[in-house]
Amino acid sequence: MLFAHVYAVSRYACAMTSRDAASGQYQQTTGERADRHRHGRTGSRFHPFNGGRLAPPGFCFSSQADDGSRMLRFCPVLLVLMLPACGASVVIQRDAQFDVTYDDTVTSDNQTIYSYNHTVSRNKTEGVRVSVELLSESAQSPVLFVVRQKQAVLSFQVPLILRGLYQRKYQYTQVGRTLCQPPTKAEAETQFFYVDVSTLSSAGVHYQLRVSRVDSFTLQTDKKFSFNATPSQPQFFKYMFPDGVDTVIVKVNSQKNFPCSVMSIQDIQCPVYDLDNNVAFIGMYQTMTTTAAITVQRKDFPSNSFYVVVVVKTEDEACGGPLRFYPLLPDQLLDPGNRSKTLDVIVSPAINSEVYVMGMLFCLGIFLSFYLLTFLVACVENKRMNRKREGLLNADTSPAETASLLGKASVSPYEYGSFADNGSTLSSEAVTDSLASTDGNCGCMGSETFKRRIISAHHVAIRIDRSLESVARSRQESLSSVEEDDYDTLVDIDSDKNIVRTKKFLCVSDLARKDKRILSKKYQIYFWNIATIAVFYALPVIQLVITYQTVVNVTGNQDICYYNFLCAHPLGALSSFNNILSNLGYVLLGLLFLLIVLQRDILHNRALERNESTALECGIPKHFGLYYAMGTALMMEGLLSACYHVCPNYTNFQFDTSFMYMIAGLCMLKLYQKRHPDINASAYSAYACLAAVIFFSVLGVVFGKGNTVFWIVFSVIHILATLLLSTQLYYMGRWRLDSGILRRMLNVIYTDCIRQCSGPMYIDRMVLLVMGNIVNWSLAAYGLIKRPNDFASYLLAIAICNLLLYFAFYIIMKLRSGERIQCLALVCILFTAVVWGFALFFFFQGLSTWQKTPAESREHNRECILLSFFDDHDIWHFLSSIAMFGSFLVLLTMDDDLDTVQRDKIYVF
């Protein structure tokens, strides 16, 4: 009868044990734990049939019969009969000490519980770290470690399996985890936590367990702390904001680029996500090789404290490292190798609100000073012009002296398209034009006195003698008859544009025959079109970058944007306010340029209303539409550059460069328009070409990386476009692009190269176009061979090289033509060149680059260098905006010396 009862009890115990073993957990009340520790019962055994309670070694359970006659005590017999019946595991609990290493063995038949206790203080946070190493080389099943705390549970298995890309598995036999510390409201409280060790392996698994205190768990301000971390042994520390500090910068540095690691900032809550597969679940994080920096604000953490978590990744691809080999078998475990990394962490206070105010005032002050300087220069120039005008009205001088007073250049005409030298001659046509326009020269002086004055005979004689001398030389070299060659009686000789534009001697008057009102309306379209383009382009850009910033703030992924994290000062929702503020110069100086152009436009219109001959017949024709478009483009460059710096990355860079293409194109068009006002491109065709450039920029961003087909197609299009534009410029727009172009090309080659080898008619133009083709073909070859990743910058380099080449050609030809550069324009040129030099120096510092991974980009980050607020790239923004403003002023003032020179004496080049 007793055997049957014991057998039934053992079967019931088997069922209970199996159920608890399947669930992997059991219950134990807090009162029983305290009672056990109060009586100092060690080495106790856990029996599942006793309701989950712990019993002394010599006692299993007691049962009272219905008649209450006696107490049954048969624990030894029951244990002998139970264990063979169900194979139940035995749980052994022991009190453990900190900083003691426990070597033990666990099997499926026994489970060990290590009990720890420590004192937790409200004013002091003490870190606790659990370190485990598996000593058995081949274990059938992993060992499960469960750490039970007051308000948290941490579990992990050893060996720890971490996954990389493409589901590759890496096995780690050494694991170290820092426990998340639950908060306490008491001044001091003793808390218990338990480390449960179990396995399903029937063979014994040997392991080592060590629980230690982390002395430097709480980071101190401005104090560096060094530590080691591996993928299976992450580290995290606590930082509390000191009084009076609202923003800090957490910097983590390492001497080694690899292994790749992650720094994360997390709120004080359990669990702490400190493994490679979950560190991105919460908080802010960024990958790093040697440097990482995150700016943390107190307002984002209600507890006024946060965790700094550092995790070493299982693979290095995220940091630009090599891709490891693929496993031979689908579930093959890979050896991770030595992935230990030594790192330093330091938390420093960020700048305060006073530095923000100083930075904004500095930015405003430096650009508003240009408004003041412009006002002073305008006042001085106005007084000088008034004195000059009064001197012209009152002076009783000879015409030659008056011409000298007006600053009229003494130019000697030569054949357009040839290099002049001391022996260059004048054609009879040039002499005729010079003689015929002698009286008109005085009309450009803007004085009624000189209009009525008769030119002195001595002055005329000098001009005739010079002209006849040149004519004699030219006629000596010519064998043609006077009747047939020197005179042309055709009626359309002065009106047919095919005849006018193909002359060897071209002056501005030849290309300024169209009605001024029509041309003004034509060039005003440039301004209205770019204003429309700016609105439609900027609004989606602003919406997109706001979305980018929102994604960064919500997800915490700081690898999305390529900031200079060592000098990124947040303001509101913006992560790097200083990079946005420094773009203010483009907007303010662009507006100032518009005001300067408006003032010149008003003065010119007033002169036209007074029918002043200087405005009607002298100087470069004044068309201000392109200037207005340039000023608007500069303002939009500032706006879109600010949008780009809200979240700078590879896909956003086209926002920063689009209006750079616009500015470069408009500047080249303005240079060409100065001497070719009638044949300059219309706004529609010009913006269509610029739209094509932006289209190719987008294609390059999307498909350009290493795509050979794309680079071949682009290079062919680049070369063909260069040839077509060269032909158009050489023949002044008289070369038609139609079905007969091939026949005409063959005719030119046959007549000029085969039948008779003659030089080009327009040598200067040919030199410019040959140099331009060499530069563009070289750039096309470079792109095809190197295939740079930064296609937008490559395209911008093409535009800037062509602009600089044309500008240098214009200056050289202007000086060769006998024209001079006035003092104001010369000062602008020298000042702009110096500023451009300094600006490019700061641009090439390269504080970040999205051509690399975010972690590699952070290796180039640097501290602020100006007012503890601006970095090198901000100074580039300051200087480049000033340099671009100066460049615009150069274009505006470089031909002011021709304002009193008749247009038939201003040469086209």
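Each Cβ is built from the backbone N, Cα and C atoms, and glycine gets one as well.
Taking TrEMBL as the reference, the stretch among 75-94, 875-894 described by the feature transmembrane segment is residues 875-894. For the transmembrane segment (766-785), the neighbouring stretch richest in Cβ pairs under 8 Å, chosen from 355-380, 584-603, 709-731, 824-844, is 709-731.
Contact between the transmembrane segment (355-380) and the transmembrane segment (791-812) is not supported: fewer than 3 Cβ pairs lie under 8 Å, counting only residues 6 or more apart in sequence. Taking pairs at least six residues apart, the transmembrane segment (875-894) and the transmembrane segment (584-603) share three or more Cβ pairs below 8 Å and count as touching. Touching of the transmembrane segment (526-546) and the transmembrane segment (709-731) is ruled out by the presence of fewer than three CB pairs under 8 A, sequence neighbours closer than 6 excluded. Same-chain residues lying 6+ beyond the ends of the transmembrane segment (584-603) with a Cβ under 8 Å from its Cβ atoms: 363-364, 366-368, 370-371, 374, 378, 622, 624, 627-628, 630-639, 641, 877-878, 881-882, 884-885, 888-889, 892.
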